[in-house]
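Heads up, the thing below is written out as structure tokens.
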Amino acid sequence: MQTSHYAAEKDMQDAAPRLTFTLRDEERLMMKIGVFVPIGNNGWLISTHAPQYMPTFELNKAIVQKAEHYHFDFALSMIKLRGFGGKTEFWDHNLESFTLMAGLAAVTSRIQIYATAATLTLPPAIVARMAATIDSISGGRFGVNLVTGWQKPEYEQMGIWPGDDYFSRRYDYLTEYVQVLRDLWGSGKSDFKGDFFTMDDCRVSPQPSVPMKVICAGQSDAGMAFSARYADFNFCFGKGVNTPTAFAPTAARMKQAAEQTGRDVGSYVLFMVIADETDDAARAKWEHYKAGADEEALSWLTEQSQKDTRSGTDTNVRQMADPTSAVNINMGTLVGSYASVARMLDEVANVPGAEGVLLTFDDFLSGIETFGERIQPLMLCRAHLPALTQEVA
């Protein structure tokens with residue numbers, strides 16, 4: 001079974017176009033890099049063979065400080081309120097996003113910090129005030145990722161699931177939510193009246209010191225339409241294993257949606273990096289992780305993905321549950337030597353509409369260090385960076 005799956009991945013890799021670059025491409029290829037911090041246990045590998053660890057502030061502090069040392073542009077944390085179970089208890093143990101990122105804002109100085117708001121759990125006026133507070137802590141380096149919520153048990157357990165019709169109305173809800181945020185961040189006052197929210201001389205002060213960035217991760221048509229109108233950039237999943245440009249149609253859809261609103265909303269693409277000295281050594285690690293897939297946790301994810309029957313077939317959760325590479329929730333996976341991974345990331349940068357990547361690693365601390373020391377120096381799209389100091393991250 002593993003042999004046939006490997007062959008399928010090789011076919012995908014061989015079919016992917018290989019791009020060549022010239023010096024004149026270098027400026028156009030400048031691409032931002034972020035780290036998707038492991039706010040939940042075990043990061044993004046649903047495998048008994050992957051590193052097993054609990055999320056702590058100290059771990060995430062070490063990760064983000066190391067990322068800042070290696071000139072990463074931003075750090076993002078998700079929010080997860082209930083996990084997948086299984087042998088690995090995958091994502092059963094999670095920190096909270098805003099409080100974690102407030103702490104990380106206080107121990108960093110340059111890197112942009114993003115927290116995720118589960119908008120069903122927090123009124124927009126509270127998020128507006130929390131964001132303004134972290135803006136003050138960070139010196140203007142904070143932004144907010146807005147999510148509508150797809151995993152019904154996260155909200156049912158608290159008695160706040162609004163009913164299954166929410167699946168088809170969630171971006172209507174989010175549209176009102178962000179309008180309240182923009183009112184409060186812009187003028188400090190909101191009298192917004194809508195179907196979901198009613199503000200009556202609602203006040204928030206002080207306002208953020210800089211315009212607050214809002215990001216989203218919409219891949220459905222409704223999600224992209226929302227991002228086109230309100231987001232500063234939009235996250236999307238990479239696709240496949242060693243097929244770095246396979247997400248290009250998604251980026252093109254986002255670009256087209258943004259053009260219809262007269263805005264520029266770039267795509268930031270999610271990838272996992274599994275690197276080693278040679279392609280074969282990296283591939284061996286990937287095969288080892290797949291062999292230990294936590295089938296019980298993966299079955300739970302598949303079950304949850306089938307509960308939303310109203311949002312279409314192009315949602316994030318349906319890609320996460322696809323059996324092709326479910327062991328890491330089907331984010332794009334780059335497996336190879338340091339040079340191979342650098343080349344593939346340069347290919348990502350050459351896709352129209354792609355402005356950045358959000359990276360995860362099989363082992364975050366060693367992975368970020370290896371990326372900073374061995375991969376990033378080989379990337380054309382990061383050639384603009386200053387030389388590293390000799391300080392240990």
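Glycine too: its Cβ is placed from the backbone N, Cα and C atoms.
Binding of FMN is attributed by Swiss-Prot to Ile79, Lys80, Asn145, Glu154, Arg170, Tyr171, and the same site annotation extends, among Ser209, Ser220, Ser267, to Ser220.
Around the Cβ of Ile79 (FMN binding site), a 10 Å sphere holds 23 further Cβ atoms from the protein chains shown. There are 20 other CB atoms within 10 A of the CB of Glu154 (FMN binding site), with all protein chains counted. According to DSSP, Lys80 (FMN binding site) is assigned to coil rather than to any helix or strand.
Using a 10 Å Cβ-Cβ cutoff, Ser220 (FMN binding site) registers 18 neighbours.
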